[in-house]
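Participant: Annotations for this protein, taken from TrEMBL, read as follows:
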- A:His60, A:His62, A:His140, A:Asp210: Zn(2+) 1 binding site (BINDING)
- A:Asp64, A:His65, A:Asp210, A:His268: Zn(2+) 2 binding site (BINDING)
- A:Asp64: active site, proton acceptor (ACT_SITE)
Protein chains: 2
Amino acid sequence: MKLSILGCYSATPRTLNNTTSQVLEINNHMFLIDCGEGTQVQLRKHKVKFNRIKHIFISHLHGDHFFGLVGLISTFRLLTRETDLHVYGPKGIKEIVTLQLKLADSWTNYNLYFHELSSSKSELVFEDDKVEVYTIPLNHRIYTNGYLFKEKEGDRKLDVYAAEEANINVAYYRKLVQGFDVENEDGALIDHKKVTTPGPKPLSYAFCSDTMYKEDIVPIIKDTDVLYHESTFLDQHENLATKTKHSTAKQAAQIAKQANVGTLILGHYSTRYDNIQVFKKEAKEIFKNVQLAKDGKTFEF
Amino acid sequence: MKLSILGCYSATPRTLNNTTSQVLEINNHMFLIDCGEGTQVQLRKHKVKFNRIKHIFISHLHGDHFFGLVGLISTFRLLTRETDLHVYGPKGIKEIVTLQLKLADSWTNYNLYFHELSSSKSELVFEDDKVEVYTIPLNHRIYTNGYLFKEKEGDRKLDVYAAEEANINVAYYRKLVQGFDVENEDGALIDHKKVTTPGPKPLSYAFCSDTMYKEDIVPIIKDTDVLYHESTFLDQHENLATKTKHSTAKQAAQIAKQANVGTLILGHYSTRYDNIQVFKKEAKEIFKNVQLAKDGKTFEF
């Protein structure tokens, strides 16, 4: 699982600060999460192949999280994309994009599907044989969702030597790694656990931005391996956080602790702070394993 | 008159190429012309004071000319702008911006006026005591206007020594520079031309992008000091220019020659060409005074 931060600052893009956008590589998927203005250029800088992006998840309709979407969709068209594109986001996102395409007289030449969200409960929005994506209802000034990306339990690992010893026909190997017991050549039932070991632990990633402190999300993101939680402010500005429905670094750490996540990544910093190291220091007082998002930084898990 | 090129490439923003946007400083006005994605960051890079921009002129609703507009308008709000903002552009531009502001629940705290255009004839869209702005109807795939910015005739320059010699009361000096004849202290009528010299020549700038070759614009831009004319293609790709309703460098030069402009600036290059010097070479065969737009370049006239 690999997370590339294209932008992690709040409010407005600046010369050195990009607004929110991330690429999550998980089980061969390349999910784009949020799409602030300039995301298409950030994708080019990071040499992300546009055609690998088939799913875009938008948290909410504030500009610093989606003003780059229509440009990306248009650029895909200009590059004669043929691959389907799925966009997940709040109700209204389809109208915004289609109005602009209509007025530009430039429909996409690929299939563009909108999955508009309006539920206040966590729901499964994407699933294939390897990955599930759920919404994480957040509490911000407008309707907002985080997203939880979960790998499914993968195949077990076959101990070929043990399988041969147990006299199992190779035709049954596939069944074994899928967790089924099988009969061997002598008609004896072989416990799959005797000839296989558990596969790699499925990983999970929760993206939570923008939101004020919201304990309701703890059960949804419980035991998640990696949690990105916004920390627009420091504790000294908790009043501003409450007023604007954002979180402090301390609050993000409290959520991480209660949810027992593996790693907490902080981001969505207000540009009022010159030194983002202070966010890490503040969060570490509550929760040990804290990392700082930075534009251009890649995390591998 | 000063022209700053924020971006001059066609189609899509890239790591080193910005899409169309320019700042024209003329007679203390700071006009923003077109606003491709990322324009607000380009403005920051060029240290343009946001509050000095009061008028934005959008040529047409293709993304590479206006996808940065809604972000700029939102950023102005976040920076607690109070100055009025006027946006000129094709019908539909108001709906695009207001839909996004509505869904973000973020109305501007300053007055935002839209001047929507739909005429196919050149019209005066802005005028004050120093400057006039006219549309230049162009021929592109969708409704498109260029803009002609014209300084008005300014005050004449007073020859103070001559005025004193002519025994004119200082109270009449203002009348003289405005071109009126006045009576001197002895009751004699003094020709204003005897004590004043012509003021600086009023300058004009014509912005023409995007358009196919269109001779109809020649009378509108006749004798303009500076003409920016798109040249998406070279003559070798004239068929592509015709097909996509763009111009070649050669065609831009033909327009410049017929209109007898002072300087031709080329831009809106397709990124298919590695070396933009070839555009200049091609245009110079038809018209002598050719300059190349480049992202970040400033022209002073």
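Including glycine, each Cβ sits where the backbone N, Cα and C put it.
Source: prediction; values computed, not measured.
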Participant: What residues, ordered by sequence, lie under 8 A Cβ-to-Cβ from A:His65 (Zn(2+) 2 binding site) and sit at least six positions away in the same chain?
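Facilitator: Residues satisfying the criterion: A:Thr19, A:Thr20, A:Asp34, A:Cys35, A:Gly36, A:Ile58, A:Ser59, A:Ser209, A:Asp210.
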Participant: At the level of the C-alpha atoms, what whole-angstrom distance separates A:Asp64 (Zn(2+) 2 binding site) and A:His140 (Zn(2+) 1 binding site)?
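Facilitator: So the Cα of A:His140 (Zn(2+) 1 binding site) lies 14 Å away from that of A:Asp64 (Zn(2+) 2 binding site).
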Participant: Within 8 Å of the centroid of the Cβ atoms of A:Asp64, A:His65, A:Asp210, A:His268, which other residues of that chain place their own Cβ, given that this set defines the recorded Zn(2+) 2 site?
Facilitator: A:Ser10, A:Ala11, A:Thr19, A:Thr20, A:Asp34, A:Gly36, A:Ser59, A:His60, A:His62, A:Ser209, A:Glu230
Participant: May I ask for the distance between A:His268 (Zn(2+) 2 binding site) and A:His60 (Zn(2+) 1 binding site), taken between their Cα atoms and rounded to an integer number of Å?
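Facilitator: Distance (Cα to Cα, whole Å): 14 Å.
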Participant: Other than A:His60, A:His62, A:His140, A:Asp210 themselves, what residues in this chain have Cβ atoms within 8 Å of the centroid of the Zn(2+) 1 site's Cβ atoms?
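Facilitator: Counting only non-site residues, the set is A:Ser59, A:Leu61, A:His65, A:Leu138, A:Arg141, A:Ile142, A:Thr144, A:Ser209, A:Thr211, A:Lys245.
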Participant: Three states by DSSP: which one describes A:His60 (Zn(2+) 1 binding site)?
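Facilitator: The three-state answer is coil.
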Participant: Cβ under 8 Å from chain B: which of the binding-site residues A:His65, A:His140, A:Asp210, A:His268 qualify?
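Facilitator: Listed in sequence order, the binding-site residues near chain B come to none.
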Participant: What residues, ordered by sequence, lie under 8 A Cβ-to-Cβ from A:His140 (Zn(2+) 1 binding site) and sit at least six positions away in the same chain?
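Facilitator: Same-chain residues close to A:His140 (Zn(2+) 1 binding site) (Cβ under 8 Å, separated by 6 or more) are A:His60, A:Asp210, A:Thr211, A:Met212, A:Lys245, A:His246.
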Participant: I'd like to know which of the binding-site residues A:His60, A:His62, A:His268 has the most other Cβ atoms within 10 Å of its Cβ.
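Facilitator: Highest number of other Cβ atoms within 10 Å: A:His268.
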Participant: Secondary structure at A:His65 (Zn(2+) 2 binding site) (DSSP, helix/strand/coil)?
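Facilitator: The residue in question, A:His65 (Zn(2+) 2 binding site), is helix (DSSP, three-state).
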